[in-house]
Structures are given as structure tokens and as C-alpha cells.
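The [4Fe-4S] cluster 1 binding site annotation in TrEMBL covers Cys54, Cys90, Cys124. Under the heading [4Fe-4S] cluster 2 binding site, TrEMBL lists Cys221, Cys225, Cys228. What TrEMBL lists as domain 'MTTase N-terminal' is 45-161. Residues or ranges marked as domain 'Radical SAM core' in TrEMBL: 207-446.
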Amino acid sequence: MFGIKNKICFDTLPTSGPEALFAKYMPKPQVEYPNVGEKNETYLKKVYMQTWGCQMNVADSERMLGLLGTLNYRPTENLNDADFILLNTCHIREKARHKVVSRLGEIRPLKEANPNIIIAVAGCVAQAESQALAKEVPYIDMIFGPDQIEELPTLIEKVIEKNEQERKTEETFTTHKTVPFILTKFDNKEQGYSIPIDVIPPYYDENKSEVTRYVNIIKGCNNFCTFCVVPYTRGREKSRAENEILDEVNFLVNKGVKEIILLGQNVNSYGLDLIGATDVHSSNGKLPFADLLHTVSNVLGVERIRFTTSNPHDFTPTLADAFAKLPKVTNSFHLAVQSGSDRILDRMNRQYTRAEYFERVKWIRDVRPEIAFSTDIIVGFPGETEQDFEDTMSLVQEMQYAFIYAFKYSIRKGTPATRFKDQVPEEIKDRRLQMLLDLQKKETERQNLAEIAKVRNVLILYKNRKEENTWYGRSYEGRLVKVHSPRNIMGLILPVKITDANLIALEGHLA
Ligand code: SAM
Ligand code: SF4
């Protein structure tokens, strides 16, 4: 079970020879999860966690599970079993708060039946709309932003104390006037941030045999694209120290993880705050992110590296060079373009033109001809004309993306684009979105069918629960592949001959 048997033994690690590098970066001794003994397991508390949004939120949820593990909370998928209900929220699109409030409405009967259940709202809605949330849902116990995750144990302690006080004064759920504990300050460090793994141990579910995991390397964003709420909910860019990142990578690799996905709103900027540079163009040719890729690549046991997300504006030739030199960096790359029209890119404050986007793509295709690109696109940004949209369609056609994430522009309070007068009507956004998705569907299908008869190296990620002797993995180009094998092949990278394909996945047999 998660946590209890999570003690790691470091005594046997070598101090010299090729394995020494691995040993050097092994995590410092972990917080030992208290061993409560098999028969006491029923006394452990249960946390139900629901996560919305991006990979950053998924990684934050994993950190919170790690932290809660040290407090004897174990995850449950059953809301009715929970002692602690934690909603980790996303604010990227409109009506985010309404969704959270409606979920809290469904949870209300549980709180009425048992006021000791702790209800928490974390993430970007908590950060941006704490006061409104507290007013609308007075039975929330705590509201905290992404910078306050480390405070979780203190907050839990305070809530338990308060619940006890209320019990003493015999207040009932309907009479008590709860005021949630609210913690939404950004950390006030000038540079850098820390997720020390001896304070917040990485969560690892022993039952899942996880093969791929996210590792946070940078938080926040300095780019201020006019549509985006991230710089306001996640603050300015701050990077995590390299030794901490390596501690976590080694912890995960030691657990059997094979693929590391380095995570940040803009990974290209990693480390610039630590060297006192304002952006990649003023760092005297240094690119700490490229250095980090080299370092993580040297970790024994790491077999594949991916990273997300990377803003084209500060994608430099040094990063393209890392693709050339580091075979562990996979042959898939998410490079968000948002629009194919220079006029719209300018209004979005993306700080690159269509031609500059293609220039960056060429740098990478020159060293990795088979690379599979993917992207994010917003349709119906304020002022987007038919011609602007045509430019996006032609860019998508020319780029031949493996897949795209396409969004209708959504007004985000507090962002500059909210004030743009020429908002696009909803029905036009719907039509453009559909046209774009139809175009991409054909391309994805075409590329997948072209894979038939090829042999691809596939990292096996999980067992297919629906069909005996089948597994799912990803090719080096990031395509999902269903693999037939009667033996356990979890976590292995194996050559697979592709025999079939559809829009969603490829299918094949071990070659
Ligand atoms: N940092 C990434 C970049 O610039 O490439 C993007 C991260 S953002 C959290 C994920 C995606 O959400 C964006 O690329 C954009 O396409 C979409 N998005 C953000 N704000 C949006 C808005 N107001 N309306 C629609 N889509 C939005
Ligand atoms: Fe948002 Fe732009 Fe920063 Fe991406 S680069 S997180 S879209 S502000």
C-alpha cells in the first residue's frame, strides 16, 4: 500500500565506478512514512483528491499526496470514504469557479453528515478567487494557492483544532459560521524555489508500477500573453535548484520510472532567475535549461526525457543542439503556436512571428527529421478575421502536426484581452474550432496509417485492462501503441512492428 512500505535502502549504492554518478545524486534519506503495521491500516485517514487542468496541477497533486502520506493520509477513489476532500483547481478557462462551486455543492451532504470531514480547495481558482469562494461556500475549511502547498500540514492542524473548539461549543453544521483558512500569498523569494524531497517526498504508488513521471523544474511565467491567466495565478518565473531536481529524478528512477517529463509553464527559461538573466536573449549565450537536459540525460536509469511547455519566443539554437546531442530526449515536441496570423500573434503578445515559428521548427527538423510536433491553438481570439483564421489553417496544414490541442478563446478576468472590444461571437468560434479539428483529424489519421509496417521502439507504460495480453506504450515519436505480448513487458523499451492504426493509436507485435 502507498507510503507504508515506502522506505528506501541506500546502503548498497556504489561509491566508485560507473554507478557512482547515480549514487552521487541519490536522494537524501527520505522522511520515513510511519509504519503503522498491517492491522492498523484501517485507522489510516483517507484523502479524496480531484484534479483539474494542466500537467502542473497533476504534479502539484502528486506533491500533496506525498506530503499527506507523511501525515498518514492514503488516497481513496471513493468520495464517501474520505476524511479529507481536496479539489485542486484550474483557472485557465471561463466559469472555472462555477465548476468548483458546483462540485462543492455535491459534496455538501457529506460535510453535513460529518462536519469533521476537511474540505480544501487548492490550485489556481483558490489563488485567484479565494474571497468569492469563501463567501459562496462557507463550509470550505481551507483555501490555498500553489505557492502554499508546504503549509498543508499546518492548515490541517488548524482545522482539526477549530473543529474541536466547535464541538466543545456544540455548534452544528447549520449554525456554525465557518471562516476558511485562506493562504494565497506568493512566496517572496527573489529567485529560485524549493521542493525539497525530504520535506515533500515524491508520491509514488507502489501498486501502479509507474513508468513515466513529471518533475517540476520551474514555476510561474514572465511572458504575459494577453489571453492568459497564468502569470497572475502562478506568479513570476522561479526555478528549482538542479540538485533538488536530480534528487527527485533519482528517487523516481530508483522506483522503476523510465521516462522523466520536465515540467514548467515555460521550461526554456529554466535557471535564468538563478543566474540573474532576464531572458534567454540576455544570458550571454548560456541556456541553463539545455545544461539541465544534459545533466538529467546522464542519470543512469533515465531512458527517455520529455519536457513541456516550451514557448517558441525563447526557443534558441542551443536547445535545438540538445536535441541533436541527446538521444534520450524523445522525438516528439510540443511547441505551442496559438495562431498562424502575425496580426493575432502580435495582439496575443506572443513575441514571435509565423516566419520565426517556422525558423525554430527548421532548427529542430534539421537535426531530427522524423520529429513529431504538436501544438496549442486558440480560435476566435478577439479581432480574429476569416483571413486570420485561414492563416491558422494553412499553418496547421504546412506543419503536419501529430496532434493539436485546440481551444475556443475564453475571456479571463484580469487579462488584457478581456478589454479588447472586438470579441468574436460564440457561433463563429464553434465553426472555426470544428473546421480546425476536422483538418487535424485527417492529418493524424494519415500519419498513423503511414506508421503501418514500420518498426518502432516502444516504451511500455501500462497493461490494457480490457484485453488479455495487451499493453499500451509510446513510440519514440510519442504515438500511443497497443502491443501484443503474453509476457510482462511493463517498463521495457522494445521494437514493435506496427500492423494496424486508427485515429487514436497504433497497434503492433514485438518485432
Ligand atoms: N505556456 C504554454 C505556452 O505558452 O506555450 C501554454 C500553457 S497554457 C496553461 C495552456 C494552453 O491553454 C495555452 O497554450 C492556450 O492555448 C490555452 N489557453 C490559455 N488561456 C486561454 C484562454 N483565455 N482561452 C483559450 N485558451 C487558452
Ligand atoms: Fe500563459 Fe503565455 Fe506564459 Fe504560456 S507563455 S503560461 S500562454 S503567459
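Count begins at 1; order follows the chain as displayed.
Just so it is clear, glycine is given a Cβ too, placed from its N, Cα and C backbone atoms.
Recorded features from TrEMBL, shown on the structure.
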{"residue": "Cys54", "record": "[4Fe-4S] cluster 1 binding site", "Cβ within 10 Å": "17"}
{"residue": "Cys90", "record": "[4Fe-4S] cluster 1 binding site", "Cβ within 10 Å": "19"}
{"residue": "Cys124", "record": "[4Fe-4S] cluster 1 binding site", "Cβ within 10 Å": "26"}
{"residue": "Cys221", "record": "[4Fe-4S] cluster 2 binding site", "Cβ within 10 Å": "22"}
{"residue": "Cys225", "record": "[4Fe-4S] cluster 2 binding site", "Cβ within 10 Å": "23"}
{"residue": "Cys228", "record": "[4Fe-4S] cluster 2 binding site", "Cβ within 10 Å": "21"}
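Selection of the binding-site residues Cys90, Cys124, Cys228 by a Cβ distance under 6 Å from ligand 1 yields, in sequence order, Cys228. Taking H, G and I as helix, E and B as strand and the rest as coil, DSSP gives the domain 'MTTase N-terminal' (45-161) the counts 67 helix, 24 strand, 26 coil. Checking the binding-site residues Cys54, Cys90, Cys124 against ligand 2, not one has its Cβ under 6 Å from it. Cα spacing between Cys221 ([4Fe-4S] cluster 2 binding site) and Cys124 ([4Fe-4S] cluster 1 binding site): 14 Å, rounded to the nearest whole number. On the backbone, the CA of Cys90 ([4Fe-4S] cluster 1 binding site) and the CA of Cys228 ([4Fe-4S] cluster 2 binding site) stand 12 Å apart.
According to DSSP, Cys225 ([4Fe-4S] cluster 2 binding site) sits in a coil region rather than a helix or strand. Taking the C-alpha positions, the distance from Cys54 ([4Fe-4S] cluster 1 binding site) to Cys228 ([4Fe-4S] cluster 2 binding site) comes to 13 Å. Apart from the site residues Cys54, Cys90, Cys124, the chain places the Cβ of Trp52, Gly53, Met56, Asn57, Thr89, His91, Ile92, Gly123, Thr233 no farther than 8 Å from the centroid of the site's Cβ atoms, the recorded [4Fe-4S] cluster 1 location. Listed in sequence order, the residues Asn223, Phe224, Phe227, Val229, Val230, Pro231, Gln265 complete the 8 Å Cβ shell around the [4Fe-4S] cluster 2 site centroid, once Cys221, Cys225, Cys228 themselves are left out. For the pair Cys228 ([4Fe-4S] cluster 2 binding site) and Cys124 ([4Fe-4S] cluster 1 binding site), the Cα-Cα distance reads 12 Å. Geometry remark: Cys124 ([4Fe-4S] cluster 1 binding site) versus Cys225 ([4Fe-4S] cluster 2 binding site), CA distance 17 Å.
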